[in-house]
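Under the heading domain 'CDC20/Fizzy WD40', TrEMBL lists 6-299. According to TrEMBL, the feature repeat 'WD' maps to 94-128, 137-169, 180-224, 268-309.
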Amino acid sequence: TPTRILDAPDLRDDYYLNLIAWGASNLLAVALGDLVYIYNVDTGNVQAIQAATCTSRDYVTSVHWINHRQLAIGTSLAELQIWDVPSNKKLRTLTGHSERIGAIAYNSSHSFLASGSRDTKVLYHDLKAPQSCIASLLGHTQEVCGLAWSPDGKTLASGGNDNCLSLWEAAGRPSPRIKLREHTAAVKALAWSPWERHLLVSGGGTADRCIKLWNASTGSSLQSVHTGSQVCGLLWSPFDRELLSSHGFSQNELCLWSYPRMQRVKEFTGHSARVLHVALSPDGSTVVSAAADETLRFWHVFKGTSSSARFGTPAHFVDRVSLR
């Protein structure tokens, strides 16, 4: 049972987008249509950022925290906006894409943003430069829907609707260092291990349904696990050798795996539609999941959490509120 439920009306049911992000100040950003709601997990306060215009063609497609104040927001009209959240002010708009931006990842080692788009490009943006776009990476042939930087900031993993997983250098060379084609559906879910260097995990869409583990240094495949469902999201435990996956058709659940044996430890059920997004709290104690049932659910999942209720809370204690 989740510890808290947030109602999120009009959460877009789109596998290729990344619509939640949990920041260092314990603020959870949730994109709903043309607005980004900033939910303060400590106080319950909600702030709204008007990032897109109120038209059916203009909506928020991705969110990603840069630091404790600044949020990057991608839109369906190919804008990459940088907002100062406490003052609710847009600082700048970065250009370079021609179609919607579904994935964003910040590299704190080099102070630049990577963005991935339906235009098939990955762009690097230097936030300190007037002309922000410093590199255009060409390697995908369809929409880019997943981006993740390695913990050391040296390698960017990108996943696309072309079923490819690409590994790029931070130096911005225009072609990928390694291109992996073992998935048989779109690759959105990506996660780097926080405790084992070069260990990368990826998840495939409905025609694939596999979690694959890689040595990102060599590109060698370490393991492949058939999950039985579309893989939408992946998170490593910061405390233990465990991995959490979120799923779409047909299970609509979260699943905890032990590593390296990749055996199921526990399933977390409650969502009634595909679990499109997962994010980890800054202290690593809590996971939030967002699903096409228009709810967000908070869970104590990993062993190292301070809560003894690792596997759930009695249903009558669950706190339920709405973002709108």
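A Cβ is built for glycine as well, from the same backbone N, Cα and C atoms used for every other residue.
Unlike curated entries, TrEMBL annotations are predicted automatically.
Sequence-distant neighbours of the repeat 'WD' (94-128) (same chain, 6+ residues past either end, Cβ-Cβ under 8 Å): 16-18, 61-66, 72, 74-82, 134-149, 152-154, 156, 158, 160, 162, 168, 170, 172. The stretches the repeat 'WD' (180-224) and the repeat 'WD' (137-169) meet in space: the count of Cβ pairs below 8 angstroms, excluding pairs fewer than 6 apart in sequence, reaches at least three. If you take every residue in the domain 'CDC20/Fizzy WD40' (6-299) and average the pLDDT, you get 97.
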